[in-house]
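Input: a single structure, listed below in structure tokens.
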Amino acid sequence: MTHRFFSTSIALLFLVPTLVFAAELPTDRSYITFDAAKQDAMTPASAIEKLKAGNRRFVEGDAHNRDLRAQAESTASGQYPFAVVLSCLDSRSAPEIIFDQGVGDLFVARVAGNVINDDMLGSFEFATKVAGSKVIVIMGHSACGAVMGACDGVEMGHLTGLLDKIMPAVDATPVAADAARNATNRKFVEAVTEANAKMQVADVLRRSPILKALVDQGDLLVVPAMHDLSTGEVTFL
């Protein structure tokens, strides 16, 4: 009897913390999902606020407890993303994670230096004009290797042509008379990264009449942003 009582007590001792932990978990694990009605009701401004709120959750370690498998099943028959994010290739700057969004919430395009070309523009036009997204975010990040390469005039295979797309930002960014205009000057690198994001936004609107018309109608915003790798925070410029 004593042995049985002891065994039961030990089992309860391990069970109680498990029950307490389970009670603290959110009961709603879905956060599923953007349907056509929700997407249509969202404005460009509210789409940006949704991204900002998600980034705050990420920074504070309070990300939604999603059931990603259920979201994948829910979105298999259709998608209604509310935003498009063009970000750098950098492995530490993944939009779905840093904006705390789930399956089917974002269109994401990625390329080193977050630069645009005709393929990107066509993708943006599909995502907004056809699929209904409300905002395009072109997001650089701190300590960007592509920007550093452009600042140093790196030439290497196909990378050379890609870095050429960042050179207008390099050339347009001023520095103090005694400061270096290369990757050793981290303030210069950050300033070029911001300038590049802004210039890519301007190029989008200059090169795509479809996207420019959506902006003029109030149906779309195209905005630059910066992601701080050390804090996780995204700043809209």
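A Cβ is built for glycine as well, from the same backbone N, Cα and C atoms used for every other residue.
The feature signal peptide is assigned by TrEMBL to 1-22.
Per TrEMBL, Zn(2+) binding site is recorded for Cys88, Asp90, His141, Cys144. Annotation note: Asp90 (Zn(2+) binding site) sits in a coil segment as assigned by DSSP.
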Cys88, Asp90, Cys144: which of these binding-site residues has the sparsest Cβ neighbourhood within 10 Å?
Asp90
Excluding Cys88, Asp90, His141, Cys144 themselves, which residues in that chain have a Cβ inside 8 Å of the centre of the Cβ atoms defining the Zn(2+) site?
Ser87, Leu89, Arg92, Ser93, Ala112, Gly113, Asn114, Gly140, Ser142, Ala143, Gly145, Ala146, Val147, Thr193, His227, Leu229
Cys144 (Zn(2+) binding site) - helix vs strand vs coil (DSSP):
coil
